[in-house]
Amino acid sequence: MDIIIKNGTIVTADGISPADLGIKDGKIAQIGGTFGPAGRTIDASGRYVFPGGIDVHTHVETVSFNTQSADTFATATVAAACGGTTTIVDFCQQDRGHSLREAVAKWDGMAGGKSAIDYGYHIIVLDPTDSVIEELEVLPDLGITSFKVFMAYRGMNMIDDVTLLRTLDKAAKTGSLVMVHAENGDAADYLRDKFVADGKTAPIYHALSRPPRVEAEATARALALAEIVNAPIYIVHLTCEESFDELMRAKARGVHALAETCTQYLYLTKDDLERPDFEGAKYVFTPPPRTKKDQEILWNALRNGVLETVSSDHCSWLFEGHKDRGRNDFRAIPNGAPGVEERLMMVYQGVNEGRISLTQFVELVATRPAKVFGMFPEKGTVAVGSDADIVLWDPEAEMVIEQSAMHNAMDYSSYEGHKIKGVPKTVLLRGKVIVDEGTYVGAPTDGQFRKRRKYKQ
C-alpha cells in the first residue's frame, strides 16, 4: 500500500463503521482486514473518514459588473481543499457570439495546471443561437453534461421561455441536465428601478427588490416548462418556502425536478443586508437571503431528502474594490459571496444541532452531488475502487471563522465570527496528501479535469 489510514471511523451516505483503509495508485484498495507494509501510515484516531467534498456550484474567475472576481483557480481551489472539498464543478461562461466549445477552451486555459483539486464544468449558455443549441449534443462527449440558463438579468444572461424549452428539450435527448437560475428578471428589474427612483439605494433594497414571489414565480414556470417537454431540471440555489412549495407541487405531478440550496441560505438572513457602514453589501447575492422561517424550511427539506445538495455558489467579490462600487446605488454592487472553504464546516453544524444526521451530511456535500453530476462511485464515497479523495475530520476541534484564517483571495468571510465545532484536518486527493493537519502541502498541478457521465433519469 502507498498509504494506510488506521483507527478512523469511516462515514458514507450508507453507514458508519470503524475500519482501517489502504490506498494504492490513487484508489482505495482495501477496507478492513490485515495490511502489509505501507509507504506511510496515518493515525486517524478520534476522526471521521469522509469522502472528499464535492461543490457543484462555483464561479471562479468570473467576469461581471465590468470587473473580474478576486479568486483565481489557484486560490479558490486551495481554499476548497483546506475546507475539505476535493472536487468542484465550476460555471464555464459562454461569451456572446462565441461557441460553447470556445468557452471550454477558455476555461481550460484558466484552470489547466492551476487547480489544487479536481474540477469539471457546467456551461452557462448566454447566447442560445440555433448552432449553440445544436452544440448541446456534442458537449457530453467532452465530459460536460450540465448546462445553466438564467431567467433573470435581462440584457446580460436572461433567456426567454421558448429558448428555455428548446434547451430543456435538446439536453434531455442528449443525456444532459439543465440547471436554472429561477427568478422573474423583469419583476426584479422593475422593483429595483422603482426603489432607486424613490431614493432607496441601500443594500437592503437588493433583497426587497427580489422578494420570494419573484423566485417562486420563475421556479413554477421553469418546472412547468420542463414538464411540457418531459425533461429533468435542476433548480439552483432554492431559498424560500414559496419556491419549495412550487417544487413539491411539481414533484407531486411527476416532474423530474431536482434542487439545491446553498450554505448562505441556511445561516444568513435579509437582516444582514442592513448591517451598518455599508457592511450589508457583503451579503448582496442573488437570490438574496431570506428569513429564519425559510431557513427552517430548507433544513427540513435537507433532512427529508427533498433537496439534493448544499453548494457554496462561491463568487469572490471583494468588499473594497468590488462591492463598494455600489455605495450610492445597490444595483452597482456585484452579486455574490465567498464560501467554498467554509461550506463543509458550516453544513456540519447541522449535525451538531441535530438538524441532519452524520450520514446525511456526507450525502449532501459529497455523495449526492457525485450521483447527480455523473461522478459516482469514483467520487463521493469511501469504497474499494473509488478515488482516494478523503477527508480526516476532527469532530471535537473548535474554531471561530475569521477571514485571516481562510486561504482565498478575499477580504472578508460571509461567516465571520461563527463558532464552529468540527473541522477538516487532513485531506487527500486521489491518494496524495494535500492538506496535512490543517496546512496546505499540495501543488497547483494536483487537480485534473473530471469528465462526467451523462445524466440518467
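Each position is counted from 1, following the chain as shown.
Here the Cβ of each residue, glycine as well, is placed from N, Cα and C on the backbone.
Residues THR286, ASN335 are recorded by Swiss-Prot as substrate binders, and the candidate that the same record lists for that site, out of TYR121, TYR153, TYR440, TYR455, is TYR153.
Checking the candidates HIS98, HIS181, HIS314 against Swiss-Prot: the one annotated together with LYS148, HIS237 at the Zn(2+) 2 site is HIS181. Binding site for Zn(2+) 1 per Swiss-Prot: HIS57, HIS59, LYS148, plus ASP313 from the candidate set ASP277, ASP294, ASP313. Shown in sequence order, HIS57, THR58, HIS59, VAL236, HIS237, CYS262, GLN264, PHE285, GLY336, ALA337, GLY339 are the residues of the chain, 6+ apart in sequence, with a C-beta less than 8 angstroms from the C-beta of ASP313 (Zn(2+) 1 binding site).
LYS148 (Zn(2+) 1 binding site) sits 7 Å from HIS181 (Zn(2+) 2 binding site), counting Cα to Cα.
In terms of Cα distance, none of the binding-site residues chosen from TYR153, HIS181, THR286 sits within 10 Å of SER69 (phosphoserine). In the three-state DSSP reading, HIS59 (Zn(2+) 1 binding site) counts as strand. What surrounds the substrate site, by Cβ distance within 8 Å of the Cβ centroid and not counting TYR153, THR286, ASN335, is the set ALA152, HIS181, GLU183, PHE285, GLY336 from the same chain.
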